[in-house]
Amino acid sequence: MEPEAGTNKTAVAEFILLGLVATEEMQSVVSVLFLFAYLVTVGGNLSILAAILVEPKLHTPMYFFLGNLSVLDVGCITVTVPAMLGHLLSHRLTISYKACLTQLFFFHLLAGMDCFLLTAMAYDRFLAICRPLTYSTRMSQTVQRMLVAVSWTCAFTNALIHTIALTTLNFCGPNVINHFYCDLPQLFQLSCSSTQLNELLLFVAASLMAVAPLVLITVSYAHVVAAVLQIRSAEGRKKAFSTCGSHLTVVGIFYGTGVFSYMRLGSVESSDKDKGVGVFMTVINPMLNPLIYSLRNTDVQGALCQVIVGRRSLT
């Protein structure tokens, strides 16, 4: 650590990330598992993206948003896992103060974008099922791009505000983070200055970035359920629900882990549960999303097969 020299600046030049496990044998196992998970996640999401790009039948608003979600999943796991693998392989568990802030910024940028994108996908399903006659005009390419652009802008603003607010805190020791990446709850616990304003800011941001989108998603699907139940054909109801099931599964996993992680700011110490939630948010979720969207979707499965064999659909 660097001396403060009478200033009110942070004295911590770097943080120590304890990671997931302590023993060297387990670290080797974790390295292999996380490298495998990273390759599967990147490969799976890029395959989904390639399938959407090459298959004309998938050039629809729903798959446009799904392609953006795949890009986010690749970014989310890339922000945390490669750095963790580098720390394990080099046996150097330290991360500089600036690198920690950078990692935190991109993590919250991508997580915030996830919130808005999942909301846009719910709105798309609402229009497709409840307003089919006006769907093509209300969800035109211009509207799709505007929704994505606004989502990026809001997520960027949120991440930047949190990062700047964190720089106002003083870190004068200890500098040990009981986690495998930098995040707000763990850094709040290390600050030697008051974090009340930062925690209030996080609460307000969570309300705007998470609670509000979740309410909109819930309202959208309430209308969807009401509309689907009016369909007389059982096969028609099944087909309508099948187009929403994958998205609802992803929403449930994403918000479930997020609420557990950020609604526990009052806890004094980080626990192994926080690490488990972190693994779920940054590794398991991005790895599961391609499987969730492809297992029950014949269009995606067909496009993936064409990508693998190197042929485009003739239809």
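Keep in mind that glycine also has a Cβ here, set from the backbone N, Cα and C atoms.
Taken straight from TrEMBL:
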{"type": "TRANSMEM", "residues": "29-54", "note": "transmembrane segment"}
{"type": "DOMAIN", "residues": "44-293", "note": "domain 'G-protein coupled receptors family 1 profile'"}
{"type": "TRANSMEM", "residues": "63-85", "note": "transmembrane segment"}
{"type": "TRANSMEM", "residues": "105-126", "note": "transmembrane segment"}
{"type": "TRANSMEM", "residues": "146-165", "note": "transmembrane segment"}
{"type": "TRANSMEM", "residues": "200-229", "note": "transmembrane segment"}
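Remote same-chain partners of the transmembrane segment (29-54), defined as residues 6 or more beyond its termini with a Cβ less than 8 Å from a stretch Cβ, comprise 19-21, 63-64, 66-67, 70-71, 73-74, 77-78, 81-82, 84-85, 88-89, 283-284, 286-287, 289-291, 293-294, 300, 303-304, 306-308, 312. Cβ atoms under 8 Å from those of the transmembrane segment (200-229) belong to residues 112, 115-116, 118-119, 122-123, 125-126, 129-130, 154-155, 158, 161-162, 165, 184, 237, 240-241, 244, 248, 251, 255, 258-259, 262-263, 265 of the same chain, restricted to positions at least 6 beyond its ends. For the domain 'G-protein coupled receptors family 1 profile' (44-293), the model gives a mean pLDDT of 86.
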